[in-house]
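What follows is one structure encoded as C-alpha cells, with my remarks underneath.
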Amino acid sequence: MSSSLTGNNASNSEESATSKQGDCQDGSKDAGNSSVVENHYNSIEERGLGHRNQSTILYLRNFNNWMKSMLIDEYLGQVTSHKKQGLPIKVLDMCCGKGGDLFKWKKGNVNHVVCADIAANAVADCQKRYEDLKSKNKYMFSAEFIVADCTKELLRSKYKDPTVLFDLVSCQFAFHYCFESLNQAETMLHNVADCLRPGGYFIGTIPNAVDIVGRKRKAKQNWFGNRVFTITFEDDLPEPYPLFGAKYNFHLHEVVDCPEFLVHFPTFERLAAKFGLRLIKKARFQNYYEEMKRKGESLLQHMSALETYPPVNGKLVGPRSDYTDAKEYFREFPGQKYIGTLSRSEWEVCTIYIMFAFQKVNPGEVINTSTKKMTNVSC
Ligand SMILES: C[S@@+](CC[C@H](N)C(=O)[O-])C[C@H]1O[C@@H](n2cnc3c(N)ncnc32)[C@H](O)[C@@H]1O
C-alpha cells in the first residue's frame, strides 16, 4: 500500500497573525480555566479498544499517535547517540494523560519516567497502564506519578529525587493550556527547564495559532469546523488578540471539549529562551509527516495510522464525499490498487497541529532568538 495524504495546506503566515496581536499582555484576569480543563479530563471514561475501533476519528487518533512516535523516536535517538553507554535515560512526560506514550518510552529503552498531569483520574489510569505493562514485560523502566497543575505548581519538590536530571521533557497535545496567562506559561517553562540536562530536549505538539486564526478569518464568523471538530471563539475576545488568554473552545468528537489558548509562537520562543531553551525545530504536521513517512512507513501500517482506500471491507469512517482527493489520486495513478489516506474531516483536524523541539543550552549561554540556528522551520 502506498501512503498518500491529501488536503489543503493553510497558507497564513506567522506575520499576519502577529500583526493582529497586541503587545505582551497577561490574560490572568481570566485565569480560572485550569479547573475546567481538569474536570473535563477527569471525566473522560476509558471505553476500551472496541469502542475506539468504532470511532469516526479512529485514523486521526492513530495518525496523531504515529506522529508522537516519530517525534519521540527522533529525539530519544539524539539522546541515546550522545549518551555514554550504561548511563540511565530519564524522561519527564508532562501532561501525560492516561499514559498514551508509556509504550513509546518502553520501546525507546528509557530507564525512568516521571508522569505528571492535572487530572487525578488520568494519572490513576496512567499508573494502572504502567503496572499492566510492567506485569507483562521482563524489563520495564521505573516510573513515578504526580498529580499537579504544571502551570501553577513547581514540580521539582514533588520528584522522588529533586536532583534528577532529565534527558528529555515531552509535552504532547497540552502545552497550549499554559498560554492562559504569562505566569502560567512561565511556570510551565520553569518546570520544563528546571531539571533538564544541558543538551537535553523539550519536545511537544500544539495547535498552530496562525492556522486557527487564518481559518477563523476565512470562515467570517466566530467558529469553524466540520463533522468531527469545532473551534469556537467567544464574541467578546478583543482584537488584536492578547498574547495570553486568547481563549477558544475546542470540541473534538468524543474526545475533547474544553477551553484552549492560542500559542503565539514567537512569544513562546522568546519565553523559552529566557529558560535556556533554544528552538531547533518546528514543523506543521503535514510537513513532519512528509519528512518522516519513509522512515516510519512500517509503523504507519502497524499502527493503522492511515485508512485504506478503497475500503477492504466496504466501510469507511467518513462519508464518501470525504474521499474525493483519494479518488482523484487513482485518476492520476491508475496502476495503483490501494492508498493510505485520512478522511477530509480528520485531515482538517490534524493539519491544525505543529511539532516543536527545543534544546537546553549550557548555563550562561545566551540565546539570540532572531539569529537562531534551526535544522528545519517549515511553518
Ligand atoms: C489532549 S490530552 C494529552 C495527553 C497525553 N499527553 C497524550 O498525548 O496522550 C491533554 C492533557 O493535558 C493535561 N493538562 C491540561 N492542563 C494541564 C495542567 N495545567 N497541568 C497538567 N496537566 C494538564 C490534561 O489533564 C490532559 O491529560
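Cβ atoms here come from the backbone N, Cα and C positions, even for glycine.
Because TrEMBL annotations are produced automatically, they should be read as predictions rather than curated entries.
Pulled from TrEMBL, these are the features on record:
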DOMAIN    55-361  domain 'MRNA cap 0 methyltransferase'
BINDING   Asn64, Asn65  mRNA binding site
BINDING   Lys68, Cys95, Asp117, Asp149, Gln172, Tyr177  S-adenosyl-L-methionine binding site
SITE      Lys98  site 'mRNA cap binding'
SITE      Lys104  site 'mRNA cap binding'
SITE      Arg129  site 'mRNA cap binding'
SITE      His176  site 'mRNA cap binding'
SITE      Glu260  site 'mRNA cap binding'
SITE      Tyr353  site 'mRNA cap binding'
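Overlay of TrEMBL feature records on the structure.
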| residue | record | contacts (Cβ under 8 Å, 6+ apart) |
| --- | --- | --- |
| Asn64 | mRNA binding site | Phe173, Thr205, Cys350, Tyr353 |
| Asn65 | mRNA binding site | Gly100, Met303, Ala305 |
| Lys68 | S-adenosyl-L-methionine binding site | Gly100, Asp101, Lys104, Gln172, Thr205 |
| Asp117 | S-adenosyl-L-methionine binding site | Tyr41, Cys95, Cys96, Gly97, Val123, Cys126, Ile146, Val147, Ala148, Cys150 |
| Arg129 | site 'mRNA cap binding' | Lys98, Gly99, Leu102 |
| Asp149 | S-adenosyl-L-methionine binding site | Ser34, Glu38, Ile118 |
| Glu260 | site 'mRNA cap binding' | His176, Tyr177, Pro207, Lys247, Tyr248, Asn249, Phe250 |
Item to check | recorded positions close to ligand 1 - of Cys95, Lys98, Lys104, Glu260, Tyr353, only those whose C-beta is under 6 Å away | outcome: Cys95
Checklist entry - Listed S-adenosyl-L-methionine-binding residues Lys68, Cys95, Asp117, Asp149, Gln172, Tyr177 - what's their greatest C-alpha to C-alpha distance in Å? => result 22
Item to check | Cys95 (S-adenosyl-L-methionine binding site), number of other Cβ atoms within 10 Å | outcome: 24
Checklist outcome for this item: Three-class DSSP assignment, Tyr177 (S-adenosyl-L-methionine binding site), comes back as helix
Item to check | Overall pLDDT for the domain 'MRNA cap 0 methyltransferase' (55-361), taken as the rounded mean | outcome: 95
Next on the checklist: For Gln172 (S-adenosyl-L-methionine binding site), which of the three DSSP-derived states applies: helix, strand, or coil?
Outcome noted: strand
Checklist outcome for this item: For the recorded positions Tyr177, Tyr353, the largest set of other C-beta atoms within 10 Å encircles the C-beta of Tyr177
